[in-house]
Amino acid sequence: MSAPATERDTVGVFSPGRARILARTLRQDRWWLSPLLTVVGLAAFVIYATIRSFVRTAYYAADYHYLSPFYSPCLSESCVPGASHFGTPFPELPMWIPLAFLSLPFLLGFRLTCYYYRKAYYRSVWLSPPACAVAEPHSRYTGETRLPLIIQNSHRYFFYAAVVISVINTYDAIVAFHGEGGGFGFGLGNVILVVNVLLLWTYTVSCHSCRHVTGGRLKHFSKHPVRYWVWSQVSKLNTRHMQFAWITLGTLVLTDFYIMLVASNTISDLRFVG
Ligand code: FES
């Protein structure tokens, strides 16, 4: 939040007692490159995911039961036949409502409130600050104590929802082991779906809230050896949480894109069995 011009000389980096440096930063390296790449990467994903979630085309390859993760679960009568793995309890939906309207808000909330993504977009989008030793343009800082940023504290609840959605994605990947004429079969699409869901689980389980769920509020690890072991494994994954955050953005796009190509008959699925 920018303060009125009259206040600028007394708050934030202009406070009395702070070094009087006119330059915004004395850094000579390309400190701007990392925030720039981050904002480009996030923007590319958001644009792709938004378009794909609304177009309602080529999201289900009926021959092999491949369902795009951007359309799961598909619970309305607007879904193409076969795409509704859990039935159609909802009526037809207008075009401005995405077919995965039940999961997308929670997935969006999960990613938006993720500790890694917060760091990414605080730096890259809000420039707060853009990098170490680079003064931010804002002169006030209210933290996550008021709207809208206080919503960040709800991350653990989005984590629970993400676990449920990961179970649904796992089910989607399992029912996709389906041959063209019925029965068992698998092809490259199955490999992509399974890899995607495994990585989604890895991202979800490596969440900071998961660390708290598994090992938080314990006074003595020695009295809870199972929870301690689980917490230790989650903590190891947690050190790579940033990488999983980015990798899963890529695998989500790749999975949807591949299914789009197969469902639209642009390419044929590479079949190994069935
Ligand atoms: Fe990133 Fe929870 S901290 S998903």
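The count begins at 1 with the first shown residue.
Glycine residues also receive a Cβ, built from the backbone N, Cα and C atoms like all the rest.
What TrEMBL records for 31-51 (among others) is transmembrane segment.
Positions annotated as transmembrane segment by TrEMBL: 95-117 (among others).
Taken from TrEMBL, the feature transmembrane segment covers 157-177 (among others). Below 8 angstroms of C-beta separation, residues 64-67, 69, 72-73, 85-86, 103, 106-107, 109-110, 113, 184-186, 189-190, 193-194, 196-197, 200-201, 204, 207, 209-210, 213 of the same chain, each at least six residues beyond the ends of the transmembrane segment (157-177), sit close to that stretch.
Annotation comment: TrEMBL describes 183-203 (among others) as transmembrane segment.
The transmembrane segment feature in TrEMBL is assigned to 244-263 (among others). With a cut-off of 8 Å between Cβ atoms, the residues of this chain six or more beyond the transmembrane segment (244-263) that come close are 41, 45, 48-49, 52, 57-62, 64, 66-70, 111, 114, 116-117, 188-189, 192-193, 195-196, 199-200, 202-203, 206, 237, 269.
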Point to revise | Intrachain residues whose Cβ lies under 8 Å of the transmembrane segment (183-203), provided they are six or more past its termini | key: 61, 64, 66, 69, 166, 169-170, 172-173, 176-177, 237, 241, 244-245, 247-248, 251-252, 254-255, 258-259, 262, 269-274
